[in-house]
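Per TrEMBL, these features apply:
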- 42-292: domain 'G-protein coupled receptors family 1 profile' (DOMAIN)
- 26-52: transmembrane segment (TRANSMEM)
- 100-123: transmembrane segment (TRANSMEM)
- 143-167: transmembrane segment (TRANSMEM)
- 179-196: transmembrane segment (TRANSMEM)
- 202-223: transmembrane segment (TRANSMEM)
- 244-263: transmembrane segment (TRANSMEM)
- 275-294: transmembrane segment (TRANSMEM)
Amino acid sequence: MSEEDYVYNSFTLQLESLNVSGGSRYAAFVSILLSYVFIVVANVGVAVLVFLDRSLHQPMYLLLCSLSANDLFGNSVVLPRVLLDVLRPPADRLIGYYECVLQAFIVHMFSTTCHTVLMAMAFDRYVAIGNPLRYSAIMTNRMVTKLTAGAWGAALILVGILLGLTVRLSRCRTFMRSLYCNNASLFLLSCENVFINNAYGLAFTGVLFTASIGSMVVTYTKITVVCLTSKSATLNRKALKTCTTHLLVYLIMCLSGMIIIILQRFPQYAEEKKVAAVLFHIVPGALNPVIYGMQSKEIQKYFSRKFYSNKVLMSP
């Protein structure tokens, strides 16, 4: 690229979009739109349900509300923008620099908080299975508040440093090879040395995944030991039901993220990486409330009561 092709410190950036045309463009738009509507309805529904039903005012469901809020938060920043860009011509897929930084911040908050909230939920499950007699004494409202604040606070600090290192850089490019703004696509707009950004990004990812996977391994190892040494069939059934739900949600999130990381190593799969980037937001956000709703006895009881009461009111 010659010097005249560079545009220094422009406040208008251009994004990529899904490589679809004709009827496929409208099919992609409708699919993403329906997915987004479902994510909003399902996650808002979970939060409202927990708020209205006092029997759901338990640590597990309060932490689930935090997970739903994160899914709603992250998807509401990314998917509406992706929807608009699917219908726009390439020249009109523009975004302001500060808006892009804000979007990148929320995108990384979303992905980081997914890990930290699920780590807090793993702790809750360990206390419930490993120390059920002291569960109420340990998992107080104050403890739930600390776990929630810690999950969001840790993500805020890590992501704040990540983006802080990027905004200090000058920019010499305007085209971002990404559907939506993220840290890597932002610092690659610079012609300066980005070694510090790469180093911190790798350290960030390493620390997050080590803490996340490590906490899951330790938690589920301890839960397995408790189940193997316990002679209570009721305890083992409870552990299997609640822990399977949590572990399934965690594995879906990790798999969605790992697919993007793997595809980044293969430039020939650029379009597949774009689809994976969209699915990283859609799949966990849509499945999390469904999985917990199907497995939760308390939520099932709530709907059973509502269905029965409505049936009684409608009967002659």
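Each residue, glycine too, has its Cβ placed from N, Cα and C.
Keep in mind it's a predicted model, so treat the numbers as computed, not measured.
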Ask   = the transmembrane segment (244-263): which same-chain residues, six or more beyond its ends, come within Cβ distance under 8 Å?
value = 67, 111, 114-115, 118, 121-122, 125, 216, 220, 269, 272-273, 276-277, 279-280, 283-284, 287-288, 291-292, 295-296
Ask   = Hey, which bits of the same chain come close to the transmembrane segment (100-123), Cβ under 8 Å, at least six residues off its ends?
value = 13, 60, 63-64, 66-67, 70-71, 73-75, 77-78, 81, 147-148, 150-152, 154-156, 158-160, 162-163, 166-167, 176, 180-183, 185-186, 208-209, 211-212, 215-216, 219-220, 246, 249-250, 253, 257, 280-281, 284
